[in-house]
Amino acid sequence: MGKASKDKRDIYYRKAKEEGWRARSAFKLLQIDEEFNIFEGVKRVVDLCAAPGSWSQVLSRRLYLPAKSSPDCRDSDLPLIVAIDLQPMAPIDGVIQVQGDITNARTAEVVIRHFDGCKADLVVCDGAPDVTGLHDMDEFVQSQLILAANPLLVVLCIGTNNCYSCTSSWWKIHCKIVVFRGKDTSLLYCQLKLFFSHVTFAKPKSSRNSSIEAFAVCENYSPPEGFSEKDLYHLLEKIGSPSGVEDLDCRSGWLEGPNKVYIPFLACGDLNGYDSDRSYPLPNSSEGGCYKSLDPVQPPIAPPYKTALELKKAANHGILKIDKLSLNSDE
Ligand code: SAM
């Protein structure tokens, strides 16, 4: 598609360029704010998976620049915005960039240092892994990215120990979720609901209807009783180090109570092997040969659907008879 044709077809793509946003996603965050008023009173914000930076631009324009231009704003009152991504990005006014992996516990430490040990008021996450084309795999990786972001955020939250200026007792996270087949939305909802009393899935107008992406807007952080942020931190640390995974024996019971919800998941099978969602040509058919379908090795002896099949067969038979009768009467 040419640039002009894309300008015509995608109004948000065109508007983004006209208004100086690096990506059309800026509108998604702005529209989420219209509904949820997410920027109110925010002093410390983290933008996870930030590159190329349109969400960070929104944060800068909405939080940093107005404060900066106010005559009585001291430097110490300026909002702190930390943006994290694997990729570097061009500088943005008032945005501190951290090039790192959001699934790595060390990245959280860096953020906490930038906040002088305080917790974040707002965390936005627009993470999207590189798509492989294997939909189940992509869906899994996407949900893992969000779940990885979740403990990281929790770790951000526990950096409150030495903080005296931290007054906000609630925070929000905004995770972009791209669920290719929709089924994991419920899993994600359940997992996020463990930590937040309000979880809403939002679909901004600028997000195409043809895309099933949605944004989880989570409010009021309230982890379950007995939940230990430190356990999650260690878990993240182990998963993040090459030797750590071997130490990680989930049967040993070092995770207790509600902390057990973070069960390490091991994907099995060769990625280059057969894909269960793909169709493959039948052997011989491409060379003009004749393919012979084999019978099932052992069909079920008494399947529960047997009676239903028999009834259906009988009914079909009945319909055929009626059709024949009605045909005869027409003659
Ligand atoms: N919100 C951004 C904006 O408005 O410009 C767009 C984000 S883009 C859709 C997704 C980003 O997620 C990519 O830049 C990618 O590098 C980043 N990403 C994917 N996995 C990541 C990880 N594990 N840690 C940090 N960033 C990650």
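Positions of Cβ are set from backbone N, Cα and C atoms, glycine also.
Remember, TrEMBL labels are computer predictions, not curated facts.
Mean predicted confidence for the domain 'Ribosomal RNA methyltransferase FtsJ' (21-221): the pLDDT average there is 78. The domain 'Ribosomal RNA methyltransferase FtsJ' annotation in TrEMBL covers 21-221.
In the three-state DSSP scheme, ASP126 (S-adenosyl-L-methionine binding site) is classed as coil. Cβ neighbour count for ASP126 (S-adenosyl-L-methionine binding site): 22 (other Cβ atoms within 10 Å of its Cβ, all protein chains included). What TrEMBL records for GLY53, TRP55, ASP85, ASP101, ASP126 is S-adenosyl-L-methionine binding site.
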Tell me, how many other CB atoms lie within 10 A of the CB of ASP85 (S-adenosyl-L-methionine binding site), whichever protein chain they belong to? 22
Cβ contacts within 10 Å for GLY53 (S-adenosyl-L-methionine binding site), all chains included, total 25
